Amino acid sequence: MAFLEDGNHTAVTEFVLFGLTDDPVLRVILFIIFLCIYLVNVSGNLSTILLIRVSSQLHHPMYFFLSHLASVDVGYSSTVTPKMLANFLLERSTISYLGCTIQLFSGAFVGTLECFLLATMAYDRFIAICNPLLYSTKMSTQVCIQLLVGSYIGGFLNASSFLLSFFPLLFCGPNRVNHYSCDLTPLIELSCSGSNVPIVPASFCSAFVIIVTVSVIAISYTYILITILKMRSTEGRQKAFSTCTSHLTAVTLYYGTVTFIYVMPKSSYSTDQNKVVSVFYTVVIPMLNPIIYSLRNNEIKGALKRQLARKIFS
């Protein structure tokens with residue numbers, strides 16, 4: 001049942017998701033494409049986690065955070081992709097109010113966690129390159145755990161702000177969401193609350209997270225660049241660049257799409273463009289991250305070669 005009478009209002013108990021397209025042929029094609037992307041994402045990120053766990057040479061803070069980033073990428077994609085794949089095969093794509101709440105919270109939680117982890121990894125690179133003699137002290141196991149716990153707490157608090165924005169919304173009629181998942185912006189557009197006040201907590205917290213994490217990343221890489229330019233050894237420069245370029249590529253891809261969604265004025269792009277960009281950072285980027293880190297990082301490539309050689313000759 002999609003509606004429930006409540007006094008003078010008709011409460012919505014489920015939502016209908018528009019998805020990406022109504023074309024039945026295109027839906028089958030997209031199902032195959034996104035299924036392949038999801039399988040590559042899960043296998044690639046789980047392989048990254050396993051490689052870091054079994055390779056003693058990767059037991060460093062940078063790869064400790066990278067393994068958690070890989071876990072987040074699997075979780076990020078899994079909040080959206082399975083439901084999206086099912087919807088491609090259904091004539092009418094629905095999600096319950098509770099399911100929508102869970103998807104909204106989960107997406108905000110892992111998305112925020114990714115921001116904090118990327119910022120933490122930038123700080124780790126800053127300490128490693130700019131203060132190498134203090135690295136073992138400033139990035140001790142205890143400090144790494146504290147940074148990780150802080151990231152999870154930050155993710156939980158920001159996701160909670162999304163619920164504070166979502167729960168006051170009244171849905172008294174239409175229940176068709178112009179999106180492939182439960183995203184806050186189209187839900188607010190669908191609401192009959194008639195006020196922009198509910199979106200304030202989520203907007204404020206999201207802006208705070210983006211400003212803080214981008215500032216940490218920008219300041220860290222400014223000092224890193226200055227330090228690298230002062231290096232006299234060409235080999236030292238190349239090693240420093242090799243450990244930073246993969247992370248910087250991941251940061252650029254992720255924050256580029258997040259900025260498009262949350263910073264650019266809504267009037268500058270359509271809802272369909274919003275959906276395409278959202279697919280990129282929730283589905284495509286999590287698949288690309290393990291590829292970026294394996295292709296651009298010499299330590300990852302070296303560890304992978306050693307593990308493969310060990311398997312072949314064992």
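Every residue gets a Cβ built from N, Cα and C, even glycine.
With respect to the membrane, Leu20 and Arg306 are annotated on opposite faces, judging by the topological domain names in Swiss-Prot. Scan Swiss-Prot for N-linked glycosylation site across Asn8, Asn45 and the hit is Asn8. Taking a C-beta cut-off of under 8 angstroms and a sequence separation of 6 or more, Cys100 (disulfide bond) has the following same-chain neighbours: Phe15, Cys182, Leu187. Beyond the ends of the transmembrane segment (275-295), by six or more residues, the same chain brings 20, 34, 37-38, 40-41, 44-45, 47-48, 66, 69-70, 73-74, 76-77, 79-81, 84, 107, 111, 179-181, 183, 246-247, 249-250, 253-254, 257-258, 260-261, 269, 301, 304 to within a C-beta distance below 8 angstroms of the stretch. Using the rule of three or more Cβ pairs under 8 Å, pairs at least 6 apart in sequence, the transmembrane segment (200-220) is in contact with the transmembrane segment (103-123). Contact between the transmembrane segment (241-261) and the transmembrane segment (29-49) is absent: fewer than three CB pairs lie under 8 Å, with pairs separated by 6 or more positions in sequence. According to DSSP, the secondary structure content of the topological domain 'Cytoplasmic' (296-314) in residues is 17 helix, 0 strand, 2 coil.
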